[in-house]
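Asker: According to Swiss-Prot:
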| type | residues | note |
| --- | --- | --- |
| DISULFID | C46-C74 | disulfide bond |
| DISULFID | C60-C79 | disulfide bond |
| DISULFID | C64-C81 | disulfide bond |
| MOD_RES | F94 | phenylalanine amide |
| SIGNAL | 1-19 | signal peptide |
Amino acid sequence: MKIYFIVGLLFMAMVAIMAAPVEDEFEPLEHFENEERADRHRRVTCDLLSFKGQVNDSACAANCLSLGKAGGHCEKGVCICRKTSFKDLWDKRFG
């Protein structure tokens, strides 16, 4: 039983050593020469997620809530978030 425990520890130590990152690997990744702006696709929640009209505005509203807005709706396939934040709406109703 002791031999299995020792072999297991040696195996785990070998795996940990092999999985450790090498410092030289990260040097080229840290220097970005030319950063490009990422494209924003506002139609994903309204077009792709509302397949055959099953999700509709709820995916857009959930996306807007995750952005800190008070909800949203789909308008011609584009997700339109409310201007007010969720905190402002909460304070207006309950605060």
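Backbone N, Cα and C define each Cβ position, glycine as well.
Where in this structure would I find these features, and how exposed are they?
Answerer: Around the Cβ of C74 (disulfide bond), the number of neighbouring Cβ atoms within 10 Å comes to 21.
The Cβ neighbour count for C79 (disulfide bond), using a 10 Å radius and every protein chain shown, is 23. A strand conformation is recorded for C79 (disulfide bond) in the three-state DSSP classification.
For C64 (disulfide bond), the same-chain residues 6+ apart in sequence whose C-beta sits under 8 angstroms from its C-beta are A70, G71, G72, C79, C81, R82.
F94 (phenylalanine amide): 6 other CB atoms within 10 A of its CB, across all protein chains.
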Asker: With every protein chain in view, what's the tally of Cβ atoms within 10 Å of the Cβ of C81 (disulfide bond), excluding that atom itself?
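Answerer: For C81 (disulfide bond), the 10 Å Cβ neighbour count is 19.
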Asker: Please report the distance from the Cα of C46 (disulfide bond) to the Cα of C60 (disulfide bond), rounded to the nearest angstrom.
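Answerer: Checking the Cα atoms of C46 (disulfide bond) and C60 (disulfide bond) gives a distance of 6 Å.
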